[in-house]
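*Asks:* When I checked TrEMBL for this same protein, it listed these features:
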type	residues	note
ACT_SITE	H75	active site, tele-phosphohistidine intermediate
BINDING	D78	Mg(2+) binding site
MOD_RES	H75	phosphohistidine
Amino acid sequence: MDQEMVVMEIICNAGEARSLCYEALRLARNNDFDQAQEKLAQGKECLNKAHLTQTQLIEADQGEGKVPMTLVMVHAQDHLMTTILAHEMATEMVALHQQLVA
């Protein structure tokens with residue numbers, strides 16, 4: 001797979017994960033915690049795929065600058081890291097909302 005496809009795979013999986021996180025928050029606001037947890041689990045799967053792709057890039061680079069750093073690569077990395085944070089925060093917010101209504 002060429003670098004452009006790899007980068008797009010990271011962006012697409014991270015984007016799907018982010019969408020699932022926000023869907024989980026919407027479901028939690030409506031007290032549908034089972035579905036919210038399901039969306040978070042699906043989001044985690046997407047994040048794992050994106051992270052695996054990122055790891056493959058890191059391994060290919062071997063710390064030697066073998067993988068060219070492009071603007072779209074930086075965008076993909078940024079997208080992944082902010083989505084990891086969004087998933088962590090959404091997980092906590094769903095749990096907090098569930099405690100509040102219990």
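Here the Cβ of each residue, glycine as well, is placed from N, Cα and C on the backbone.
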*Asks:* Counting across all protein chains present, how many other Cβ atoms fall within 10 Å of the Cβ of H75 (active site, tele-phosphohistidine intermediate)?
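*Replies:* A count of 13.
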*Asks:* Taking the Cβ of D78 (Mg(2+) binding site) as the centre, count every other Cβ atom within 10 Å, in any protein chain shown.
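*Replies:* So the Cβ neighbour count for D78 (Mg(2+) binding site) comes to 12.
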